[in-house]
Amino acid sequence: MSITTVFESVLAALVLGLALWTIAVRETYSATVGFVAYGLMVALIWVGLDAIDVALTEAAIGGGLGGIVLLGAAARLRDTESTAAETPNRMVRLGAAALSAAIAAALAIAILLLPDAAPTLAPAAVANAAATGLANPVTNVLMAFRGMDTALEKVVLLLAIVGVWSLASDQAWGGRPGPHHEADPNGVLAFLARLLPPVGIVIGVYILWTGADHPGGAFQGGAVLASMWLLVIMAGLADTPPASSRRLRLVLVAGPGLFFLVGLGGLCFGAAFLAYPIAHAKPLILGIETAMLLTIAATLALLLAGAPERSVPR
Amino acid sequence: MSAVTVFGLTAAAAVGLGLYGLITNPQPLRKLLAFNLLGSGVFLLFGIIGRRGAAAGFGNDPVPQALVITGIVVAFAATALAIALLLRLFRTAGSTTLRSDAPRMGRGADAPGG
């Protein structure tokens, strides 16, 4: 293994500094901005670790969309800061500091004492790549070797959206999520919301398609599509669909639905649940990923929009 | 020291900082930020293990990579749900304090019965 370069040491120091800032700074909004910057820097660390798939996901979902949802909440809750002055006493803080330092030290020692012949599943992933016809090992693991994880994760996304929607007040039940956005129709935001989506949609679909053989996939592509949709919504050019919309709900269950349908097909006609027939593995996986792309884009955007706030006339 | 070790120590520090912020900061939004920091440190530790397991022409073991991608998406979904709960608490109670003896300043807009 190589010696740390200057770039890598500066990157690690920057990430550490931003983490400290996020915890220590007084104002919540500044802390949130620090955390978003932290997320983007961590994406660079993932590039340094040669995990481009994770770097894309971290930048798009961890830092990008997660950053927007946290910043939005920080802006809305800005006035509550003075009322919440209940800092724990000195003893609690000292105890927490000791506990945190001990856990960090234990992890650091574990990192330093890792065995030299590191265990790895990469050869196994390569040896079985022919079974799916996809060359990107991460997509193979996500969609085939550990497909059950990904299918259940889609259910988690669905549960999260159900949870967010169920926080609507009685008047807004089944209504449109989030506040109504209005922007200057001749302003920069509206201009960008007209200019960027065609390009963004092509990039999102390309990231999905290239994910079969190169870094990319349904999550990263879905995050790009979600941000394009959000841009159009925030510029006031389109509105969020009402939560009671049947078409929207169909899109939300399309990804996990198709995944489980194919999985059950494997159970009936193949060896096991989610066992793809080898001759059709690639088209099946790409089909599931396409449905997942739509589901992920809609789910991520609606998770960001929040609970329904405006009722729709019936 | 190799770059992987440096990044690993950074990840360990992020876990410690996140845990400290989670315990000591009274504001729910700050707790959420701290918890995300903690989680990001744990994901990075996965990345370190995966990087050390580089083999068969890949710079990083694909299995931990896939697990982390799943983890990042689930963490985002949980954060969005927590934020929605927090905003709803603020709308109902008028503050975001987690204290059980906090005075209720409810506007009662959606709960006419109390």
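Glycine residues also receive a Cβ, built from the backbone N, Cα and C atoms like all the rest.
As annotated by TrEMBL, transmembrane segment applies to A:6-24 (among others). Long-range contacts of the transmembrane segment (A:6-24) within the same chain: residues 30-31, 34-35, 37-38, 41-42, 44-45, 48, each at least 6 residues beyond the stretch ends and with a Cβ under 8 Å from a Cβ of the stretch.
Helix, strand and coil counts from DSSP across the domain 'MrpA C-terminal/MbhD' (A:13-78) read 59 helix, 0 strand, 7 coil. Taken from TrEMBL, the feature domain 'MrpA C-terminal/MbhD' applies to A:13-78.
With a threshold of 8 Å between CB atoms, the same-chain residues lying at least 6 positions outside the transmembrane segment (A:31-49) that come near it are 8, 11-12, 14-15, 18-19, 21-23, 25, 55-56, 58-59, 62-64, 66-67, 70-71, 74. Annotation source TrEMBL lists transmembrane segment at A:31-49 (among others).
The transmembrane segment feature in TrEMBL is assigned to A:55-74 (among others).
Per TrEMBL, the feature transmembrane segment maps to A:94-114 (among others).
Outside the transmembrane segment (A:151-168), and at least 6 residues removed from its termini, the chain residues within Cβ reach (under 8 Å) are 174-175, 177, 243, 252-253, 255-256, 259-260, 263, 274, 292, 295-296, 299, 302-303, 306-309. According to TrEMBL, the feature transmembrane segment maps to A:151-168 (among others).
For A:188-212 (among others), the entry in TrEMBL reads transmembrane segment. Remote same-chain partners of the transmembrane segment (A:188-212), defined as residues 6 or more beyond its termini with a Cβ less than 8 Å from a stretch Cβ, comprise 56, 134-136, 139, 218, 220-222, 224-225, 227-229, 231-232, 234-237, 282, 285-286, 289-290, 293, 297.
Annotation comment: TrEMBL describes A:188-300 as domain 'Na+/H+ antiporter MnhB subunit-related protein'. Per-residue confidence over the domain 'Na+/H+ antiporter MnhB subunit-related protein' (A:188-300) averages 87 (mean pLDDT, predicted model).
Positions annotated as transmembrane segment by TrEMBL: A:218-238 (among others). Sequence-distant neighbours of the transmembrane segment (A:218-238) (same chain, 6+ residues past either end, Cβ-Cβ under 8 Å): 53, 56-57, 60-61, 64-65, 68, 178, 180-183, 185, 189-190, 192-194, 196-197, 200-201, 203-208, 211, 255, 289-290, 292-298, 300-301, 304-305.
Look at TrEMBL and you will find A:250-278 (among others) tagged as transmembrane segment. When Cβ-Cβ distances below 8 Å are used as the criterion, the transmembrane segment (A:250-278) is approached by residues 131-132, 144, 147-148, 150-151, 154-155, 158, 161, 218, 284-285, 287-288, 291-296, 298-299, 302 of the same chain, each at least six residues removed from its ends.
Within the chain, the transmembrane segment (A:284-305) has long-range Cβ neighbours (under 8 A, six or more residues past its boundaries) at 61, 65, 68-69, 72, 132, 134, 139, 143-144, 154, 157-158, 160-161, 164, 177-178, 204-205, 208, 211-212, 217-219, 221-223, 225-227, 229-230, 233, 240, 248, 251-259, 262, 276-277. Look at TrEMBL and you will find A:284-305 (among others) tagged as transmembrane segment.
A Cβ distance under 8 Å defines the sequence-distant neighbours of the transmembrane segment (A:55-74), meaning residues of its chain 6+ beyond its ends; these are 28-29, 31-33, 35-36, 38-40, 42-44, 46-47, 207, 215-216, 219-220, 223-224, 226-227, 230, 300, 303-304. Note: the domain 'Na+/H+ antiporter MnhB subunit-related protein' (A:188-300) comprises 87 helix, 0 strand, 26 coil (DSSP; helix = H, G, I, strand = E, B).
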